[in-house]
Amino acid sequence: MIQVLLVTICLAVFPYQGSSIILESGNVDDYEVVYPRRVSALPKGAVQPKYEDAMQYEFKVNGEAVVLHLEKNKGLFSEDYSETHYSPDGREITTYPSVEDHCYYHGRIHNDADSTASISACDGLKGYFKLQGETYLIEPLKLPDSEAHAVYKYENIEKEDEAPKMCGVTQNWESDESIKKASQLNLTPLQQRFLQRYVKLAIVVDYRMYIKYNRDSNKITVRAHEMVNHVNEMYKPLNITITLSLLQIWSQNDLITVQPASSITLRLFGNWRKTVLLNQQNHDNAQLLTDIVFNGRTIGKAPVAGMCQPDRSVGVVRDYSSNVFVVAVIMTHELGHNLGMEHDEDKNEKKCKCDTCIMAPAISDPPAQLFSDCSKNDYQLFLTVYNPQCILNAPLRTDTVSTPVSGNEFLEAGEECDCGSPENPCCDAATCKLRPGAQCAEGLCCDQCRFKKKRTICRRARGDNPDDRCTGQSADCPRNGLYG
């Protein structure tokens, strides 16, 4: 595989002396100040893209040197990504901005197998990384003529309200006996290697949130992009790519009645999505970001197992924290409900309680970044029972020939498979080529690295359409029964 470009940033670390400081993410009472210095590995005179496909940062945390590897999140935007706002006279204004050369990255810490990172490099470095089991945040200090950044732990952010923040979901979709029985099965590690799924996401911002950010559409847009980048990172272990399809800002007034009763707001938003938003642009799921204070301690709500249903593939999320990472965890949680996941509680004689997992009923401190085994079981059960069709197909994207980057969710020039993790049994992470003896790495007609037999049903009949069956020569599931 062609050697990717590496950029090294040297960070000098200075301990802060004094009390707290007010950052964009809130008041922080303990942090380190770092000054990035960029050193490029490109030959002198070479043309640099604004944002490289791959970067490497070296810095110290608590006196220990770390190496942060970053790769651009090329699956962040759909090819038809749009942004919509409204003029003072109520006219809908939609644009299709160029987002190919964006500045949002995912990554990991060298020699830390459990590490993750989600970083924006748009204006300095902003985001989070997980190091040795602890979550750190980084953001620019916004000092005049300075490259200073702050690195700090989530627990060092001063909390205005210590009361637990709750998800408003209470229903259980596992109703009939066959589903109950299936829900008690535990997945093997092999079964937890989920096939790739894709969710084209629409984000709608209500008028209260527009006012909250001083009517600054650009600030809201950046916040939404950072949020989806974080959500995308948290869904990687489930092999789900969250792609932002559209962003709509209700910049004049709300198009539904947003009210403190979260259940009513959710129902109204679902009906609006079904009758209005789906007619504007294709997408799989819509999330309403609002600044309203819901009744009780509710900060989010979504229909369980609603994915791909016109009025139920929705969620409502309160933008209650200045820290975008926290709100991203809430959105990840509500999307989990749409994908069939219930709260991590003791249920059906299963021990599912996990206070530090994404699907816990209350947001943890620090916010969770991992799904429990029970959540993975719920998701697999949802796929089996509902067979949601809308998340099978990869979103349209611009086909560019670029340096192959493993694990970016898409096949690129020179890749036979998107390898991602070195533990992938079918795909060599070093070369992005199939391992010896492997015919495939993923797909509806791929099973344990081999093509499924000819005429194996890979997609059940829908309406007048017949069953789709494997050809025996490809990992893809052909449409309309064309199996040869």
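Just so it is clear, glycine is given a Cβ too, placed from its N, Cα and C backbone atoms.
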Quick check on the annotation: Swiss-Prot has H333, H337 binding Zn(2+), so which of H283, H343 does it put in that site too?
H343
Candidate in C445, C446 joined to C440 through a disulfide, as Swiss-Prot lists it:
C446
Please name the cysteine among C432, C477 that Swiss-Prot pairs with C458 through a disulfide bond.
C477
Mind checking which of C390, C445, C449 has the disulfide with C426 in Swiss-Prot?
C449
Which number gives the other C-beta atoms within 10 angstroms of the C-beta of C449 (disulfide bond), all protein chains shown included?
19
Give the three-state DSSP assignment (helix, strand or coil) for C446 (disulfide bond).
strand
Using C-alpha positions only, work out which of the recorded positions H333, E334, H337, H343 is nearest to C445 (disulfide bond).
H337
Integer Å distance between the CA atoms belonging to H343 (Zn(2+) binding site) and C308 (disulfide bond):
21
Can you tell which of H333, H337, H343 has the most other C-beta atoms within 10 Å, given these are the binding-site residues?
H333
Give the distance between the Cα atoms of C432 (disulfide bond) and N239 (N-linked glycosylation site), rounded to the nearest whole Å.
17
Using DSSP and three states only, what is C427 (disulfide bond)?
strand
What kind of secondary structure is C352 (disulfide bond) part of, going by DSSP in three states?
coil
